[in-house]
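Worksheet for the structure shown next.
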Amino acid sequence: MKQIELKILDARIGNEFPLPEYATPGSAGLDLRACLDAAVVLAPGETQLIPTGLAIHIADPGLCATILPRSGLGHKHGIVLGNLVGLIDSDYQGQLMVSVWNRGNTTFTIQPGERIAQLVFMPVVQASFNIVDDFDTSERGEGGFGSSGRH
């Protein structure tokens, strides 16, 4: 298992609020919690930036982290990420913040310590470009937006 540096920015983490952990041996994501002093009420269409009380430093340029929505919050309550996905670069060292958007039709209350998103680590490939006039022919070519069929 890869070791990532974690800085606790709020004393409640690890005491009142659990440290991020994998729910099962097969889990890809670690739950991130709302590190709030009081509940936050999100009206329909509203977006708020929610602190997690944590900072990470991945350090390895071959890795990044993504902040992803929790499927149950999105499906049942319309609570998703305001930026759809958060990308955490390997050299970032600031607090992890979660942009939470209520795309639903009713207000939703986020409680202190509530699980609001998940953190997934992923490999990174940094690419360089080779400028060309034409590409080698492929089966797909320039076809996009459904050109490969519906089913």
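From the backbone N, Cα and C atoms, a Cβ is placed for every residue, glycine too.
Some features that Swiss-Prot has for this protein:
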- R70, S71, G72, N83, L87, I88, D89, M97: substrate binding site (BINDING)
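Shown here: features listed in Swiss-Prot, placed on the structure.
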{"residue": "R70", "record": "substrate binding site", "Cβ contacts under 8 Å, 6 or more apart": "D31, R115, I116, A117, Q118"}
{"residue": "S71", "record": "substrate binding site", "Cβ contacts under 8 Å, 6 or more apart": "none"}
{"residue": "G72", "record": "substrate binding site", "Cβ contacts under 8 Å, 6 or more apart": "none"}
{"residue": "N83", "record": "substrate binding site", "Cβ contacts under 8 Å, 6 or more apart": "S99"}
{"residue": "L87", "record": "substrate binding site", "Cβ contacts under 8 Å, 6 or more apart": "C64, A65, T66, I67"}
{"residue": "I88", "record": "substrate binding site", "Cβ contacts under 8 Å, 6 or more apart": "I56, I58, C64, A65, T66, I67, L96, L119"}
{"residue": "D89", "record": "substrate binding site", "Cβ contacts under 8 Å, 6 or more apart": "I58, C64"}
{"residue": "M97", "record": "substrate binding site", "Cβ contacts under 8 Å, 6 or more apart": "L49, I50, P51, T52"}
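Under the DSSP three-state reduction, S71 (substrate binding site) is assigned to helix. The maximal spread of the substrate binding site, taken as the longest Cα to Cα distance among R70, S71, G72, N83, L87, I88, D89, M97, is 26 Å.
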